[in-house]
There are 10 protein chains.
Amino acid sequence: MAKVEVNHSKYEGIRFDIQDENVILVNILETIPYEYVGKDTMVTIPTTEFTSVCPWSGLPDFADIIISYIPNEDLVEMKSLKYYLTSYRNVGIYQEHATNRILEDLVKLLKPKYIKVVGNWNARGGLGTEVVVEYKEENSK
Amino acid sequence: MAKVEVNHSKYEGIRFDIQDENVILVNILETIPYEYVGKDTMVTIPTTEFTSVCPWSGLPDFADIIISYIPNEDLVEMKSLKYYLTSYRNVGIYQEHATNRILEDLVKLLKPKYIKVVGNWNARGGLGTEVVVEYKEENSK
Amino acid sequence: MAKVEVNHSKYEGIRFDIQDENVILVNILETIPYEYVGKDTMVTIPTTEFTSVCPWSGLPDFADIIISYIPNEDLVEMKSLKYYLTSYRNVGIYQEHATNRILEDLVKLLKPKYIKVVGNWNARGGLGTEVVVEYKEENSK
Amino acid sequence: MAKVEVNHSKYEGIRFDIQDENVILVNILETIPYEYVGKDTMVTIPTTEFTSVCPWSGLPDFADIIISYIPNEDLVEMKSLKYYLTSYRNVGIYQEHATNRILEDLVKLLKPKYIKVVGNWNARGGLGTEVVVEYKEENSK
Amino acid sequence: MAKVEVNHSKYEGIRFDIQDENVILVNILETIPYEYVGKDTMVTIPTTEFTSVCPWSGLPDFADIIISYIPNEDLVEMKSLKYYLTSYRNVGIYQEHATNRILEDLVKLLKPKYIKVVGNWNARGGLGTEVVVEYKEENSK
Amino acid sequence: MAKVEVNHSKYEGIRFDIQDENVILVNILETIPYEYVGKDTMVTIPTTEFTSVCPWSGLPDFADIIISYIPNEDLVEMKSLKYYLTSYRNVGIYQEHATNRILEDLVKLLKPKYIKVVGNWNARGGLGTEVVVEYKEENSK
Amino acid sequence: MAKVEVNHSKYEGIRFDIQDENVILVNILETIPYEYVGKDTMVTIPTTEFTSVCPWSGLPDFADIIISYIPNEDLVEMKSLKYYLTSYRNVGIYQEHATNRILEDLVKLLKPKYIKVVGNWNARGGLGTEVVVEYKEENSK
Amino acid sequence: MAKVEVNHSKYEGIRFDIQDENVILVNILETIPYEYVGKDTMVTIPTTEFTSVCPWSGLPDFADIIISYIPNEDLVEMKSLKYYLTSYRNVGIYQEHATNRILEDLVKLLKPKYIKVVGNWNARGGLGTEVVVEYKEENSK
Amino acid sequence: MAKVEVNHSKYEGIRFDIQDENVILVNILETIPYEYVGKDTMVTIPTTEFTSVCPWSGLPDFADIIISYIPNEDLVEMKSLKYYLTSYRNVGIYQEHATNRILEDLVKLLKPKYIKVVGNWNARGGLGTEVVVEYKEENSK
Amino acid sequence: MAKVEVNHSKYEGIRFDIQDENVILVNILETIPYEYVGKDTMVTIPTTEFTSVCPWSGLPDFADIIISYIPNEDLVEMKSLKYYLTSYRNVGIYQEHATNRILEDLVKLLKPKYIKVVGNWNARGGLGTEVVVEYKEENSK
Ligand SMILES: [Ca+2]
Ligand SMILES: [Ca+2]
Ligand SMILES: [Ca+2]
Ligand SMILES: [Ca+2]
Ligand SMILES: [Ca+2]
Ligand SMILES: [Ca+2]
Ligand SMILES: [Ca+2]
Ligand SMILES: [Ca+2]
Ligand SMILES: [Ca+2]
Ligand SMILES: [Ca+2]
Ligand SMILES: [Ca+2]
Ligand SMILES: [Ca+2]
Ligand SMILES: [Ca+2]
Ligand SMILES: [Ca+2]
Ligand SMILES: [Ca+2]
Ligand SMILES: [Ca+2]
């Protein structure tokens, strides 16, 4: 049997409002002072509510994001992190890039001893994608 | 101890791009003919990827949506449903309204014997919300 | 940001070998005599290994299929059912049709008091599909 | 659509009775002698019933707390630990501080070979927080 | 072996700040208009963060509370419900009374067609307690 | 509100029959020869049915006990172990002591290369207790 | 291969202290007044800590017990119930009898509209036993 | 590619010792008197350890068997049931027959008000089989 | 109460057909050539369907068996393994011996770099038994 | 009882269309450039939808496949991977070979620092098979 011919051209014309990476609210991120400087604390922040847009298909991606870090002198302020993560909502960005971008923005903000970002992206076509990126401060064990 | 004074005024100025309900792609919905007219089939379509915007807080809501229906003569075409549900993404709409709006749009499209829409919305402030709405064709048992 | 231009035309040329419904091995189905005629037994046969092909996309669909029935005089022979279900493997057929076709073929074979077929199809684009079809013998309670 | 204007000023006036850290019942903590001094025992005490107050929002936080330690000469007396943990109930304290304060109070009380406190705090705005703090006696392997 | 004599008299002197039921913020409860009057919607609001105080032991109780109702003309406003439930935090009240009080306050507020409150209280001494209370409007089916 | 006055003095007079540690059936323990001497086998014996009595409250404690060991020349005979563990049933003994006592009795019996006893005791007042004790033969790696 | 001959006669001599049913503390049971007389509340009390002794084998049985009832005028006082259930600890009683005895003692105490007792007894020889007994007040619907 | 030719003829010669149904130990079944005659008790006996032999393939089948019944005057004695079920171990019998045979043997033994036998047989070739058979005493509601 | 006298002598006379270890079909085991010699592959074969007979009680034992190995030049042929494991069905053998015997037979057959056999035996008298045995080729890392 | 004679010769004549390994679409695989060259990212791609054909039985096998890799300069393009994995659908190939073939094809494509392929194949005859293969770039730590 040949592939069924269905006119799906109407979907071609749809363009949701895909934004550029420059709308990511990196400057909204705030820190609060870590009061136990010199002592290693592992802070882990999970969320099941991350979404961005696939630049290839124009359709939204959804991920669980888990951020874990050991602070040096700064903790991330949670409400600012919420706004920061929300600002990816309509941005067209690959899953691997989004995960790495979050890592890099938080490294710049926090200068942590250690940080890991896990992005567990919902399956498309039956294939899921988990992206794990890590950063370790030089000279930290 | 008194409530700590923190200047959160900067969050006040943030306005994500909240859209009106009229951007909902109700016209994109398509049907395909149901080939077993007269026989009751229950079709259930779950998704964990629904998101809209809370008109009060300006922040996104996330829900699992489960649509169940018994067709008369029409099945919903799945790709059109995907685009329809995606179009709520930046719409400011209360959770109860969104759930009911989906029901009503699908009743108009499908004229089903029966349809139920369940919206299981993620908790805010520790309180979740599940909304269950149903429609039964008159004279159907 | 505009939708990224990616040349996916190469996927257009791929045609897996999609077969017509007439290759379904309906004639291989066998029965064995039910030795408790007159007493109601509910027999439920689940499998997590059903696959067919989507006629629209040309890509495989996967489902859990659960068959439940109350025999009159015949039980389905299990190995013949295995071959029957396997024969959908490369057939282009909609999910709703496949589920109903299994019901109808088994009604013809078994003439049961009752039979239900549940097809729980894997999600595509984040939307799953469960199809539930039932048959009750006339005059059965 | 602009953000909906809702008058929530009435919530501004609410002040639950937030207490200072000095009401924490650190002096109620008692020990009982460990009868296997020189042998390493790992004692783990989980609870799902910890609550304190967020100093920023004035609203309660809830956490699962898991305390694990290897005693030197003293075990914590369980009823005194129950009262100690309960005394955080109306204290305004950040989640990171509460977790560390519990660690420090128990280090002072028990002088253990090792102790870890895990605070797994319920999500706010879709973001959870787990705080893990550890202490190792100097010269212990 | 006789029961061990331990001096627990110090716990006798502890009095956490137990409040009277009149501090419950019943007047903070607000409604929002239900826009589908005449159509039955089941709204279910679960929380895992309810706590009050046992009047007998002076120690906190913890419960999962699940509120389900079918509105007539009013929906409960979620933030006001959050403050209402939070106000039980230091109130000395039996588990059965707390569950029933929530039901009665919401019946007065919402005049719903139906409402159920489930309180699933954490075990004490190895015995849990679940309390289920329901209200049905007269003449409702 | 002051703490409610309830007369619970009647519970004071209750004395269940608490036995001394000397009723523990240590001499009933038997071994069977290990037929693979020189080869390391890890044998793990879980039970969810351990109970003893809290010497402080006079009320029963319940635990899951998991015994794991690497034999030298002897395996514990299972029925004798069952009787041994059952004999703690009415013994007044602290949870930490019971867990260690089991370890020590089995070390004496089996002279194993390695043994670990985990006691996972049910929560009291919302606080659970897990006790993990280990023994390694000297010179074993 | 013939059945292996092992001398288990030593187990024959063991007699744990099995008590008669007359030690069950039925008189310790207390009620507290139900303040919503005329309104149906379902109270469910689960415990995973019930134990008695098998009169046939002389070895302990363990069960999860779940008591559910709709009060008329009385609630069972929880601490008295705890002592009542604990008093079965060394009583030789069949599983079916124990479950029914609990039902009958609580019917006498509470005169409830409805009561159900579920005893879910741990498996012996690979066979579990669940016993469900119910009582409905005459004339109650 | 043609089907690979593998010489599996050696498996043809294997004959495990398949027994006839007449070795089933129906006469070992014993009852004990039900002491609450006239009151409905539901007794449920699950086991995960049932095995018999497929008469077609000569290979063992494994099932979870769940027996539920409401006694009239007799309870099944558990140890006799254990031996009865064990006696199917090497019997060649179809899954549907085994499940029904257990029902019928227990109906004869117990003359119960109601009995149900569920046989949940492990999958073969990816297809599982659950068989549910019931018996209701005439004139019982 | 004294231990109840029940005449269980009839069970004494029952002798299921217990076979000797020499019926184990060790010679049916076959290998197939491993085509990636020199590269480490971990092959893990779980089954929930292992059964043998306890030589002490004459009653069947049931286990989950998990075999994991790194081949040198040979893979075990799966159908031959199935027959091999099935041949333990009526053999009287201790759980520790059965687990080790499987290991040793497979070491002889496969000469693997590494192999582990886990036998997770169902509980008897509330005590489970897990047996873990390993073999490492000399000079393998 | 002798093995039942059933004429299953009709199944012998069935030949599903088994394809040779040369239809595997290795050339469809595409890469996209990894933009964080020099930083280690672990990308994990799970799917529950892999199927191929057993060359021995002629019947389909089903597996969960999990691919994990650390890229050097290239990421696998997901849609091309989907088509690649789909092309095994009718190929007759042993489970161990299929798992290794995927590894080798991806090593050639990606030249990764590290890659692991796990194939978790559905049970046949009660025996499952998990195959784990790994590749590490020389000189990578
Ligand atoms: Ca997810
Ligand atoms: Ca979700
Ligand atoms: Ca939810
Ligand atoms: Ca599936
Ligand atoms: Ca929690
Ligand atoms: Ca809880
Ligand atoms: Ca509970
Ligand atoms: Ca337990
Ligand atoms: Ca436990
Ligand atoms: Ca615990
Ligand atoms: Ca249990
Ligand atoms: Ca099973
Ligand atoms: Ca099954
Ligand atoms: Ca098992
Ligand atoms: Ca087990
Ligand atoms: Ca699978």
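Placed from the backbone N, Cα and C atoms, the Cβ positions cover glycine too.
Remember, it's a predicted structure, so these values are computed and weren't measured experimentally.
Residues annotated as active site, thioimide intermediate in TrEMBL: J:Cys54. As annotated by TrEMBL, active site, proton donor applies to J:Asp61. Sequence annotations record features per position, and here TrEMBL assigns substrate binding site to J:Gln95, J:Glu96.
Sequence-distant contacts of the residue listed as 'active site, proton donor', defined by Cβ-Cβ distance under 8 angstroms and a gap of at least six in the same chain, are J:Thr51, J:Ser52, J:Val53, J:Cys54, J:Gln95, J:Trp121, J:Asn122, J:Arg124.
If you take the C-beta of J:Glu96 (substrate binding site) and look for same-chain residues 6 or more apart in sequence within under 8 angstroms, you find J:Val131. Note: none of the recorded positions J:Cys54, J:Asp61, J:Gln95, J:Glu96 has a C-beta at a distance under 8 Å from a chain H C-beta. Among the recorded positions J:Cys54, J:Asp61, J:Gln95, J:Glu96, the ones with a Cβ under 8 Å from a Cβ of chain I are J:Glu96.
With respect to ligand 3, the recorded positions J:Cys54, J:Asp61, J:Gln95, J:Glu96 contribute no residue with a C-beta closer than 6 angstroms to one of its atoms. If you draw a 10 Å sphere around the CB of the residue listed as 'active site, thioimide intermediate', it holds 19 other CB atoms from the protein chains shown. There are 22 other Cβ atoms within 10 Å of the Cβ belonging to J:Gln95 (substrate binding site). The residue listed as 'active site, thioimide intermediate' carries neither a helix nor a strand DSSP state and counts as coil.
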